[in-house]
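Please read the structure below before turning to the comments.
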Amino acid sequence: MESIFHEKQEGSLCAQHCLNNLLQGEYFTPVDLSSIAQQLDEEERMRMAEGGLLSEEYRTFLQQPSGNMDDSGFFSIQVISNALSVWGLELILFNSREYQRLMMDPINEKAFICNYKEHWFTVRKLGHQWFNLNSLLTGPELISDTYLALFLAQLQQEGYSIFVIRGNLPECEADQLLQIMRVEQQHRPKLIGEDEARTSGQRTTVQHGVETQHGVEQGVVDDDDEELRKALALSRQDIEVEDEEADLRRAIQLSMQDQTTTIMELAFSLLICASLFTPSLQYPEARSPNITDLTFKNIDFAMNLYVKIASSHDNNIFFSPLSVSTAFAALSLGARNATRHEILSGLNLDTLEKGGQLELIPQLFQHLQGNISQAGTLKLEQGTALFVDLQFQIENSFSDQIKLYFNADVQNVEFKNTAISKEIINKHVEEKTGGKVKEMVTALDPLTRMMLINTIFFQGAWKYPFNPNGTEIGRFYVDKYNVVQVPMMFCVDKFSVASDDELRAKVLRLPYLGGASMLIVLPDLHVDYTTIDDEINAERFLMWIKNMKQKKLEVSLPKFTMEQSYALHNILPAMGIQDVFKDTANFKGMSQEPGLKISQVLHKAVIEVNEKGTTAAAATSVGITPYSMPESFVINRPFFFFIYHEATNSLLFMGR
């Protein structure tokens, strides 16, 4: 037995119901929201007072009622936004340019908040299914994936403002249980007051079927055709604005007559899938891979590469996994047979090759790079270039593809003239990385036939800057025997943290303006940081992000600059990428002339972290539990750090 939390309308407290239904519990009371509203009012009053306490504008302001709440229980979007920020969540307007540029499918989101006039309600995914948790309904309403986009479009047509919820929602039992179960709703909930037979505390029952990892879902699956038919019929109706407002007022008025909070109980019918197998079952079509899938595979590749680098480097580590994976994804377009298979296996993309979906790989990378490049105030630039010896003729189809999907440039150079070739390549890298990566190539083999270069340049300003006046020299404990003096930056603000009990480490998120963050993993005292190297993986990284809780915190962070270079041709063979370096390499998709192979893969990365933010650049040539906040988070011993793009969770840089 499990429950989906659903608060029904009480007075005009739809903002409270909206938040609690979103978070799946009694997280906020009217007192909590009133406190936030009063704080916003006070901040606005102080801003107005800056113009003078005797000014006409200030006097007029004091005579006006609060714009953040009223006596009926209404709360503004600013109150909702601030309430969500406590849980590390933020709102993005669904039809804004910022969101539309991401080209995200609504079904890949986690939740939406909708507003019409003074009414707020939540649409949230629980498990793998969507629910309309409108407090004006008698219970949660199941929405199929097929219908979701039409449902949102219909709301917009009716005048609703829709906001996407970004961040990691608190865990709830309903979400966990519905990860393995699917629900069928036998009776649609009605608008409060429509059903005269409604009684206080009514429970709406829905039947479930079970879907296991090795089974096939049985029972009644959401009838998408029926949903579409209803949605299209609804969209053809001419809905008068006056009628819509009248319905809204009527529902709120009726709800005030019987103020109740309902939790919808879910009755589960457990079915053994194997016994239900019949030839008449219809299998769902295989879902096409999307950016989320690619991001997970890129993170997994990043963690694998980190482990290999760490096994042979005892000192500081810093590199850009996205730069490396992008370079080799571009290279795979020209590889064939075993050479291509090894590249894709090393990048964890071989499942697409086996599934006959090779054409999706460059498309996914193109889409991913497009999303990351639209990162608002962040300066984030990527580029790929292929340098080929004059004696080799590159296939036009290959040049066109890497130009289209990776925005790559193809240049002919005379490698036997090493001085000129080195100058051309280094100049290209320096320009693409804002002058941060210099002398990418220090020595060049005159027998080189091809060099693939990928660059990535990142510059981000802290969302909560460190005060330069607070920076002072402090101790950094390299190990039990070595202590160094370093400049320590200091900041007090609201930050998100979590604790990994298994690793015995704490995790801190330092956000940048524009949609990126630095994640810092600090091992507990007396924990050898090298023991964590083999435990870092994609699942753990995403779990850290998911389990963040926000609270006011004092943070002390070393101010540092790091520059690291790696000969990846000595590391990648251990990850299965070997054939590209051999005489047997097959790059027939790039050139029909024999003899093309990769002689070396050089990677150089530079990072500078100071009070204002972070500047980073790189170039590549081919159970967890919420943490109870301490008063301070002092990073004065070896730590791990990750810079990632929040909207896609793409790992841009990582280091130790």
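Even glycines carry a Cβ here, placed using N, Cα and C.
A TrEMBL annotation is a machine prediction, not a hand-curated record.
For reference, TrEMBL has these:
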DOMAIN    1-180  domain 'Josephin'
ACT_SITE  Cys14  active site, nucleophile
ACT_SITE  Cys14  active site
ACT_SITE  His119  active site
ACT_SITE  His119  active site, proton acceptor
ACT_SITE  Asn134  active site
CB contacts for His119 (active site) [other CB atoms within 10 A, all chains]: 22
Between Asn134 (active site) and His119 (active site): CA-CA distance (Å): 10
List of residues, in chain order, with Cβ under 8 A from that of Asn134 (active site) and at least 6 apart: Phe121, Thr122, Glu141
Three-state secondary structure, which DSSP defines for Cys14 (active site, nucleophile): helix
Three-class DSSP secondary structure - Asn134 (active site): coil
The residue listed as 'active site, nucleophile': tally of other CB atoms within 10 A of its CB: 26
Model confidence over the domain 'Josephin' (1-180) (mean pLDDT, whole number): 83
